[in-house]
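Participant: Sending over a structure as structure tokens; questions will come in a sec.
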Amino acid sequence: MKAQLIDRLSRYVKIDTQSNPESSTTPSTEKQWDLLRLLQQELEGFGLETNLDDNGYLFATLESNVSFDVPTVGFLAHVDTSPDFNASNVNPQIVEQYDGKTIKLGDTGRVLSQETFPELKKLIGHTLMITDGTSLLGADDKAGVVEIMEAVKYLIEHPEIKHGRIRIAFTPDEEIGRGPHKFDVERFNADFAYTMDGSEFGELQFESFNAAEANITTHGVNVHPGSAKNIMVNAISLGHQFHSLLPAGEVPERTEDYEGFYHLMKFEGNVEKATLQYIIRDHDRESFELRKKKLLEIRDDINVHYEDFPVKVDIEDQYYNMAEKIEPHPYIIDIPKKVFNDLNIEPNTAPIRGGTDGSQLSFKGLPTPNIFTGCGNFHGPFEYASIDVMEKAVQVIIGIAQEVTHHHK
């Protein structure tokens, strides 16, 4: 299967599908349609019924081959790639039997080394797909797309493998946080699903952050600095004061595991007006609410010293910890755990320090944990995919399809 995985992933990553957070359309970029239409064509070539809607959501169905009712399971992956780095002219490179030595990424001066990326030590002997250093690879999440396609193809070619009804979804704009926004859960009509959008071998994730975005605006009074005493209010200084009142250790670079944080994404402005953009993250809902409350308290503590309340805070929730919706249905995790065990894969159920489409879909009525794809160093030139781990991910999808038949409706 390795050759098929390499061929399919190479073809898909060469199609530029970068999303654009500045766009208001869905998909956010026209070029995402290029891969979506190709996938529709290939799925129909498998003999599947498909539907590609006006918003770029591609659904397909592999019908059940058993005579009794079992739950409908879904598998999802997103077609867009991150806007954080160049995604055009992707030139994938293959490293056979990775020996652990430093790999030069083309002529860019960039290298892939175990010193910088110690997780590579686990991949010695694997076949890797890497970049030439000039672009991201796009294995996030085209590896997931490939794994679903190859698993479906295998099930079609091996009708002796029994499975229930399987729904497939390829979606746009996950990288800019909009993946599930126009996902029609009712039309998808699955009982539960799995996103193939994880990273390291063995990941089985059903806990995500609670997430919000906060925009802070500070308003100043700008006068000539030579006569500014007791008159000038510097909006930049107010912004700095606001940030300094947050806990210094509760930032991404100083937290791990279940620890939440405030992350200052952008700070810009002048004496008259400044803006600070934060993301707020915490796995615990109560702690998450307290973090948002903290921002409002800081606002009030600063504003009390001014007549015109110069600090404004706007907070918008983005998604919630999907464990709230998945844990009441333990079989959704028990099924892949059984498959992992059968394949001698040690499950890593550590919480996601982020979110997936499943975070939002779970709250829309489709409980959706996340499974590994075998890729790493997403969103930049050091991105890689282990073809060996991708092969295991395909086996997991096939195994889940089989295992679901033991859970009658």
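Keep in mind that glycine also has a Cβ here, set from the backbone N, Cα and C atoms.
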Participant: Would you identify which residue of Asp16, Asp191, Asp197 Swiss-Prot lists as part of the Zn(2+) 1 site it also attributes to His78, Asp140?
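Facilitator: So, going by the record in Swiss-Prot, that would be Asp197.
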Participant: Let me know which member of His379, His406, His407 Swiss-Prot also records as binding Zn(2+) 2 at the site of Asp140, Glu175.
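Facilitator: Candidate listed by Swiss-Prot for the same site: His379.
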Participant: Ranked by the number of other Cβ atoms within 10 Å of their own Cβ, which of the binding-site residues His78, His379 ranks first?
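Facilitator: The residue with the most neighbouring Cβ atoms within 10 Å is His78.
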Participant: In the three-state scheme derived from DSSP, which category covers Glu175 (Zn(2+) 2 binding site)?
Facilitator: helix
Participant: Using Cα-Cα distances with a 10 Å cut-off, which of the recorded positions His78, Asp80, Asp197 are near Glu175 (Zn(2+) 2 binding site)?
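Facilitator: Near Glu175 (Zn(2+) 2 binding site) by Cα: His78, Asp80.
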Participant: In the structure shown, which of the binding-site residues Glu175, Asp197 has the fewest other Cβ atoms within 10 Å?
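Facilitator: Checked Glu175, Asp197; of these binding-site residues, fewest Cβ neighbours within 10 Å: Glu175.
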Participant: Report, in whole Å, the straight Cα-to-Cα distance of Glu174 (active site, proton acceptor) from Asp80 (active site).
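Facilitator: Spelling it out, the Cα of Asp80 (active site) and the Cα of Glu174 (active site, proton acceptor) are 7 Å apart.
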Participant: When DSSP states are folded down to helix, strand and coil, where does Asp140 (Zn(2+) 1 binding site) land?
Facilitator: helix
